[in-house]
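Here is what TrEMBL records for this protein:
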type	residues	note
ACT_SITE	D73	active site
ACT_SITE	D397	active site
BINDING	E44, D73	UDP-alpha-D-glucose binding site
BINDING	K207, D231	Mn(2+) binding site
TRANSMEM	468-493	transmembrane segment
TRANSMEM	505-528	transmembrane segment
TRANSMEM	548-570	transmembrane segment
TRANSMEM	608-627	transmembrane segment
TRANSMEM	639-659	transmembrane segment
TRANSMEM	671-691	transmembrane segment
Amino acid sequence: MWLIITCIKWSPAEDKPYPNRLDERVHDLPSVDMFVPTADPVREPPIIVVNTVLSLLAVNYPANKLACYVSDDGCSPLTYFSLKEASKFAKIWVPFCKKYNVRVRAPFRYFLNPLVATDDSVFSTDWKMMKSEYVKLCRKVEDATGDSHWLDADDDFEAFSNTKPNDQSTIVKVVWENKGGVGDEKEVPHLVYISREKRPNYLHHYKTGAMNFLLRVSGLMTNAPYMLNVDCDMYANEPDVVRQAMCVFLQNSKNSNHCAFVQFPQNFYDSYTNELVVLQHYMKRGVAGIQGPIYIGSGCFHTRRVMYGLSSDDLEDDGSLSSVATREFLSEDSLVRRYGSSKELVKSVVDALQRKSNPQKSLANLIEAAQEVGHCHYEYQTSWGNLGWLYDSVAEDTNTSIGIHLRGWTSSFISPDPPAFLGSTPSVGPEAIVQHRRWATGSIEVLFNKQSPLIGFRRKIKFRQRLAYFWVLMCIRSIPELVYCLLPAYCLLNNSALFPKGPCLGIIVTLAGMHCLYTLWQFMILGFSIKSWYVSQSLWRIIATSSWLFSIQDIILKLLGISKIGFIVAKKNMPETRSGYESKPSQGDDDGLKLELGKFEFDSSCHFIPGTFIMLVNLAALAGFLVRLRLSSCSHGGGGSALAEACGCISVVVLFLPFLKGLFEHGKYGIPLSTLSKAAFLTVLFVVFSVGK
C-alpha cells in the first residue's frame with residue numbers, strides 16, 4: 001500500500017480556473033443540466049434537498065442555460081411538495097443573491113449569521129424579508145411532514161396515490177419552467193421533479209439506475225452538453241462553481257476535447273472529517289497528475305457525449321465525430337440498440353453526439369416522452385449500464401470513472417478556496433460505519449467486474465492510473481491492522497516477545513515515530529491542530545476497521561453466491577453549526593473535536609463487536625501485565641521486553657479511546673450490553689488461547 005500511495009502522490013497537479021475571463025464570452029457559455037438524486041424523505045429530509053436545490057438555482061450563470069433535475073427514488077409526495085414551495089421561494093431568493101452578491105447561497109447556512117449592522121437600509125429590509133420567507137418555507141415543510149391533508153386537497157398529487165418506494169409508476173413534473181429565456185438576474189432556471197418506475201420483480205440498480213434516468217430525461221428536455229452531479233446534501237458553496245468548470249471545458253488547448261469530467265473535492269462542515277480533507281489534498285492531486293482524478297459521486301461536471309459511450313479516439317482534433325465513430329454510433333440500428341426505442345431520445349442523442357444546439361421547447365410538451373424512458377423495462381436489451389453510469393457495483397462513481405479512463409479520456413481536478421461544495425457526513429457511529437462499508441464494498445466489487453483495472457491491459461489507461469484504482473485495496477489492510485492490534489496483547493498474555501531488544505527495537509520505534517510525525521506534518525501544514533490529528537486518526541481507524549472488515553465479508557459472500565449486496569441510504573443531518581465555510585485551521589477547532597470524540601454513538605449491530613473486542617483484549621493483557629509486575633514475576637520467553645508490548649497495548653487503547661468511554665456511558669453513547677457480551681465472550685476465548693499457547 002505504501003508503494004501504491006507513493007506512486008500516486010509522485011506528480012501532484014491541479015487546474016487553476018479564472019472564471020472572470022469568461023465574462024466576455026457570457027453569451028457563448030454552454031448549457032448545464034444539474035442532477036440532484038434523493039431516495040428517502042426520512043433519511044434525507046426534504047429541507048436538506050431544498051437547500052441544495054436553491055443553492056444550485058442561484059449560481060452565477062445565465063439562468064436560461066441552467067436546468068435542475070431532482071430524482072426522487074422514494075417517490076415521496078413530501079419531497080415534491082417541498083420542491084414546489086422552494087420554487088416559489090426561489091423567485092425572490094435568486095434575485096436577492098445576485099443583487100447583493102451573496103456568497104453562501106444555501107439559505108440554512110446563510111441565515112445562521114445574524115444581520116450585521118449596515119448603512120444600507122434597503123439591504124437590511126430585504127435581508128429581514130428573505131429570512132422571514134425562508135422561515136415560512138421551513139414551517140410549511142415541517143407542517144407537511146406531520147400532516148398530509150394537503151395530499152388529498154391538491155389534484156397535482158394524484159400521481160402519488162397508492163405508491164410505494166419499490167412499487168411505483170414513472171412521474172415527471174415540471175415544477176418551474178423558465179420561459180423568459182434571456183438569462184437576466186431575475187430569472188430562475190428550470191426545475192424538474194422525476195421519479196422512475198420501479199416494480200418488485202425488476203432490478204432497478206439503486207442510485208446508478210436513477211442517474212441514468214436523469215441522463216435520459218435531461219437529454220429529452222434540455223440536452224445540455226454538460227451535467228453537474230451533486231448529492232442531495234452537498235450544497236453549492238461557491239457561486240462561480242459552474243464558471244470554474246467551464247474554464248476547463250472551454251480552454252483553447254489541444255487536449256480540451258479529451259477532458260471527460262471535472263471533479264471538485266468533497267468538503268464537509270463536520271469536525272471529524274479532517275482525515276478526508278488531508279486525504280483529498282494529497283491523493284486527489286496526485287491522481288490528477290496522472291490521467292485525472294477519480295469520480296467520487298458528487299461535485300462532478302460530466303460531458304454528455306462521454307456518458308453516451310464515446311471514446312477519445314472517436315473524435316477528430318476539432319472535436320467532431322470521426323468517420324468511423326459516425327458509422328458506429330449514428331446508424332439507426334446502433335442508436336436503437338444502444339439507447340432504446342424512444343425516437344425523441346434517439347434524436348437528442350444524435351444532437352448531443354454531433355454537438356448541435358438544443359432548440360428551445362416547452363418542457364410540458366416533453367413529459368410524455370420523458371415518462372416513456374422511465375419505464376422499468378426500457379433498458380432491457382439496450383446498452384444502458386454499459387454506457388451512462390455503469391452498473392455492477394454499489395460504488396457507481398468508481399466503476400463509472402474506471403470505464404471513462406479505460407476509454408482514453410482524461411479528467412481534471414479543481415480545489416478552490418472557499419470550497420465549491422459543502423455537505424454533512426453521517427453522525428459519528430452506526431451511520432458513518434454503514435456508509436464506509438458501502439463505499440469499501442463497492443470499491444472491491446470493481447476489482448471483480450468487467451471494468452476491473454486488473455484486466456484489459458491494452459486499454460487506453462496509463463499504468464500509474466491503474467495503480468491509483470488499485471488503491472481500493474486499501475480496505476484489505478483492515479485484516480493486518482486487526483492482527484497488529486491484537487499481537488501486543490497476545491504476547492503479553494502468552495509471556496512471549498513481540499519486539500526485539502536493543503538497537504533493533506530503536507529502529508522499530510524510530511520508523512513508527514517517523515510515520516506518526518509525517519502524518520502529523522500533513523495535518524499541520526494544512527492548518528489543523530495536534531488534537532485534530534489525533535482525533536481524526538482515532539475516529540478514522542475505528543470507522544474504517546469496523547466497516548472494512550464487513551465489506552470483505554460482503555464480497556466473499558457475493559462471490560460464493562450466498563447473498564447479494566444492497567444499497568443503504570446514509571442518514572443525512574443538518575447540524576446547528578456556525579455559518580459559512582470556515583478556514584482549515586477552524587476545522588480543527590479543539591472544542592468541536594472534543595465534542596465529536598465524546599459523542600461517538602453505538603448500537604447493537606455487529607459493526608461494533610471488533611472494536612469492543614480489541615479494546616477488551618488489550619485491557620485484559622494490561623491487567624495481566626500489572627498483576628505480574630506487582631508480583632515481580634514478569635519474565636518473557638525468548639528474551640522479550642514486556643514493557644515494549646505493554647506500550648503497544650496502551651497505544652491501541654488510546655487509539656480506540658471512544659470504545660473505552662463507551663464502557664462507562666449509557667444510552668446511544670454507551671456500548672450495548674449485547675455487543676459487550678459478545679465481545680467479552682470472544683475476549684475470553686482469545687485469553688484462554690493465548691495463555692494456553
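Every residue, even glycine, has its Cβ placed from backbone N, Cα and C.
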Cβ packing number for D73 (active site), 10 Å threshold: 25
For E44 (UDP-alpha-D-glucose binding site), the number of other Cβ atoms found within 10 Å of its own Cβ: 25
Alpha-carbon spacing, D73 (active site) to D397 (active site), which is rounded to whole Å: 18
Separation of alpha carbons, D397 (active site) and K207 (Mn(2+) binding site) (Å): 10
Length of the line joining the Cα atoms of E44 (UDP-alpha-D-glucose binding site) and D397 (active site), in Å: 20
D231 (Mn(2+) binding site) and D397 (active site), distance between Cα atoms, whole Å: 12
Cβ neighbours of K207 (Mn(2+) binding site) where a neighbour is any other Cβ within 10 Å: 22
Cβ neighbours of D231 (Mn(2+) binding site) where a neighbour is any other Cβ within 10 Å: 23
